[in-house]
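Feature list (source: TrEMBL):
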REGION    1-63  region 'Disordered'
COMPBIAS  45-62  compositional bias 'Basic and acidic residues'
REGION    108-132  region 'Disordered'
COMPBIAS  112-132  compositional bias 'Polar residues'
DOMAIN    197-289  domain 'Enkurin'
Amino acid sequence: MDPRHHHTHSNIGAMLDPTKDSYCTQKNIPIRNRIGDQKANLQQLEEKNRQKKEEEDEKNNQERYCLQQFKNVKPKVWDAVEDAKVENPHTFKRREAGVAISNVNVPKGLESSYQPSSTNSSRKNSARPEQQQIVSKIDCKNTSYQPPKPTNTNYFQQNIKNMRENQQEIQTKNIKPEPKQEKLGVVPEYLKNRKQEWQDERDKEELRREMDAELAKIPPGTRPVGDEERAQLLKDLKVAYDAEIKKFNSFRLQSDNQSAIRAKNESQDKIAQLEKTIRDFQRPGPLYIAIDE
């Protein structure tokens, strides 16, 4: 065995030879070629982009949808464009197209005394008929045009006047209105209203407390009796008491059977109950009776 490779199957050998991975070799894990994978991915992306571009170019090159009967018809929009075109636009750039163009280089003040040279006149005479027609169109004057009349306006003084007027308007806008003087020593109306609201709230709270106190005095399962209802019930109780006394007096002093004895005892008990109820109704103070269920 070559002594140089005595660490081939050890961890040290894996460290010395970076092309081998001892852990992956021991675990039988395949070593991935990441550079090759990246190149393959790039090639796939390039192929996709190329196909996408070809599809877009093919789509753009396709003839747009149009009916066969209107395929060779020219749009009406171009008719207006043809009518608006200038006749022979290339002639406007030539020197012999008009006097306005030929006198561009003439010194100021010498336009009337300026006479074109023989070369210019020969060029004018040798111009084509359509050029001469254009020159005549340019040389014609507009009779309806009138130059502006001079005015004797002193713009400096006018600007000063406008500036002063603007300053006065700004000053009048910035003036704050004087605050309205209120009457001194008088309670405002909103305070009076608020005071009355507080007083009403206090009265309601006091009335609620009194009602709660009265309700607390009432025993459970009973209700208070008014004066009119109390007088009417007392009258009915006295009528029932008189009728029961009359019934009790109708019995014999010595009864000979049990039913008569039992009826006499019941009448006597009822008389005693009526007497007690009448005394309760005649007693001064509040009266409470049971609530009928």
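Just so it is clear, glycine is given a Cβ too, placed from its N, Cα and C backbone atoms.
Remember, it's a predicted structure, so these values are computed and weren't measured experimentally.
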Rounded mean pLDDT within the domain 'Enkurin' (197-289) lands at 86
Across the domain 'Enkurin' (197-289), DSSP yields 69 helix, 5 strand, 19 coil
